[in-house]
Amino acid sequence: MAANFWTSSHCKELLDAEKVGIVHPLDKEHGLTQEDVKIIKIHMSNYIRTLSQSVKVRQRVVATAITYFRRVYTRKGFTEYDPQLVAPTCLYLASKAEESTVQAKLVIFYMKRYTKHRYEIKDMLEMEMKLLEALDYYLVIYHPYHPLIQLLQDANLAELKVTAWSLVNDTYRTDLILTYAPYMIALACIYFACIVMEKDAHTWFEELRVDMNEIKNISMEIVDYYDNYRSIPEEKINSALNKLPQRF
Amino acid sequence: MREEQNQLSANNDINMVDLNQHPADSNPELSEGTDNVNKNDNSKGSRAPPPHPPPKQLDPSERYRKGITLGQGTYGTVYKAFDIVTNKTVAVKKIHLGNAKEGVNVTALREIKLLKELSHPNIIQLIDAYPHKQNLHIVFEFMESDLETVIKDRNIVLSPADIKSYMQMTLKGLAVCHKKWILHRDMKPNNLLIASDGQLKLGDFGLARLFGSPNRRFTHQVFALWYRAPELLFGSKNYGPVVDIWAAGCIFAELLLRRPFLQGTGDLDQIGKVFAAFGTPRQSQWPEVGTLPDFVEFQFVPAPPLRSLFPMASEDALDLLSKMFTLDPKNRISAQQALEHRYFSSVPAPTRPDLLPKPSRVDSANPSRPPQLASPGGPVVLSPSKARRVMLFPNNLAGILSKQVSQSASGGTPIEFDMPTHKLREVYPPRSRITESGKKHLKRKTMDMSAALDECAREQESESNLDPDPQHSAKKEKHT
Ligand SMILES: Nc1ncnc2c1ncn2[C@@H]1O[C@H](COP(=O)(O)OP(=O)(O)O)[C@@H](O)[C@H]1O
Ligand SMILES: [Mg+2]
């Protein structure tokens, strides 16, 4: 069963961490910094989550949508494809790909409620095609949630579930899903949860014989998010977004 | 609102815990953990940029030179085309999106999504996909023929070695799908395509989907009726990969008999035919059968000897058949186990694909598949190929189709089969009968049925987006 992820397109599409953070040349021209890009991604990931709560989809659809969003912007600039349209379109596409289709007009309905943007269904459907191309039609995404549950069971650490699950949710506010195997992300979240909850799972980790450096790198990313981006001042978000071409 | 978004506590999402997580996320078996990590490390250093279809410089609409129309699919037209980059013939499926309210058709999306994960000589290759003028184009390798055409071709004699070869290729394709947690759900001879080099490839992944978690609920309205496993006929919604095995068993039988094996006219008639062939299951044989949603009790009939149904088959073939046709899905053989069955290692060895018999050449107007519907030589083997996506009246349609079959069967000249098919009728009761309590239950079921049909209609509506009520989407977790 483990052979699964390792032969998937998701695995083949994994990127090196340094490559993911790079600012697209077109965005650079508009004065966007690496920091701006990071903030826009976090902001839009949160936006996808908010939208998803209104249109009521499964956790997994949200996670897939955010992954699509982040993957698209490793290839396209924010100045090229407006994130305000890409975010809801990712949610729409993910709902179809995960077999729990949401109607296009419903997504647009809530999009109009939450933002001032005046995109219509037609715009979203056009963007859907562009996203499919940008994603190279690779749509199957693996997530850390399922390995998390199974690993916790194996480690006999069920009491960490709530904490570790929240941590996994927060990894979607980073590009981790584009750079590490979901199974490693799950392990890092368990590792992190052990520290937070003061549980000793050293022997269990040792027996796994996984690359602890990788686990630490993932944990560092999560720490960086909590330290620096958990609540971003609105001015910062606006200043980043204002560098994008104003479409409306 | 931005503030609000930033503060969405991670805990907010906790009650959304979805225990029906993605099948494929499943257990990274711990004992293999080290291996996996190493594998990942190795690949990280030398990771190549994501693979793109080779020369992207050339606009795809230029690259694939369109030729004649090959056929009309459920959701698009299929053209023959010539790939000027690889100098190969391809098949391009064109899906019109013009005024679609829901963008890319989910069936098309499913097919692309799953085929992008699969690459195997016994699975149709997806070569490319691209948008052009309001249409989504999907490029497949070109396939000369399909197994239905082979089975129907009166000029073809299928030797035991040929049949073994077709079955081996079918099961190899299935094993790969199942290893990747993909259910095909539409196995039938018409969807087993045959390439010019004789390789058989699973095609048409429009009904396929990922599976795996035990509680996931699927629709049981899959497969053409004659290929539906008994658990599906009884309305099971958490079935597994062995539904494909049952269908493969039907295909095996069809290769031996040269006609569809269990030609029911509706769900119940189909189950009756299944039980008539394999006996009504005893409690010990399939303990959970009574708990299935659409279970109806059938009068007990013993199974006729399998030998009597397949007089020409070898012992090994019969043994494998019986394992593929095991009623209780828990005990049915898997694709991998079937490939390891002695049938495939005993003589005769499977025919090399390039030496398999080829269907007679067809007229140039439609070179891929001949419309043999009214072929003179004998009964028409017509699988209810379009029935599966017409969910509203599947029984009706199947009924009409089977009528056509019997009409043309009585009208045509007798076929020269290698085996005494008339004998079959004698040993093969039309179908097992429903018991009294079964009938009562059925009455209740019939009442439920109209509700089920309504639901079906709603599902269809929501797919075509006729429902204007935004509230409706709360119910959108469709069990597909
Ligand atoms: N790869 C292919 N090579 C040659 N012909 C094909 C190929 N795929 C489809 N066709 C032709 O196009 C028709 C419609 O295909 P498809 O869209 O798969 O139909 P459906 O979804 O209704 O089964 C087929 O019956 C066949 O004649
Ligand atoms: Mg087909």
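Glycine is no exception: its Cβ is also placed from the backbone N, Cα and C atoms.
As given in TrEMBL:
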COMPBIAS  B:1-14  compositional bias 'Polar residues'
REGION    B:1-63  region 'Disordered'
COMPBIAS  B:33-45  compositional bias 'Polar residues'
COMPBIAS  B:48-57  compositional bias 'Pro residues'
DOMAIN    B:64-344  domain 'Protein kinase'
BINDING   B:Leu70, B:Gly71, B:Gln72, B:Gly73, B:Thr74, B:Tyr75, B:Gly76, B:Thr77, B:Val78, B:Lys93, B:Lys94  ATP binding site
REGION    B:349-379  region 'Disordered'
REGION    B:431-480  region 'Disordered'
COMPBIAS  B:469-480  compositional bias 'Basic and acidic residues'
Query = Which residues, in sequence order, are found in the same chain with Cβ within 8 Å of the centroid defined by the Cβ atoms of B:Leu70, B:Gly71, B:Gln72, B:Gly73, B:Thr74, B:Tyr75, B:Gly76, B:Thr77, B:Val78, B:Lys93, B:Lys94 at the ATP site, excluding those residues themselves?
reply = B:Ile95
Query = Given the binding-site residues B:Leu70, B:Val78, and counting only Cβ atoms in the protein chains shown, which has the most within 10 Å of its Cβ?
reply = B:Leu70
Ask   = List, in sequence order, the same-chain residues at least six positions removed whose CB sits under 8 Å from that of B:Gly76 (ATP binding site)?
value = B:Lys93, B:Lys94, B:Ile95, B:His96, B:Asn105, B:Ala108, B:Ile138
Query = If you count Cβ atoms within 10 Å of each one, which of the binding-site residues B:Gln72, B:Thr74 comes out on top?
reply = B:Thr74
Query = So what pLDDT does the domain 'Protein kinase' (B:64-344) average out to?
reply = 93
Request  = Across all the protein chains here, work out how many other Cβ atoms are within 10 Å of the Cβ of B:Lys94 (ATP binding site).
outcome  = 18
Query = What does DSSP say about B:Leu70 (ATP binding site): helix, strand or coil?
reply = strand
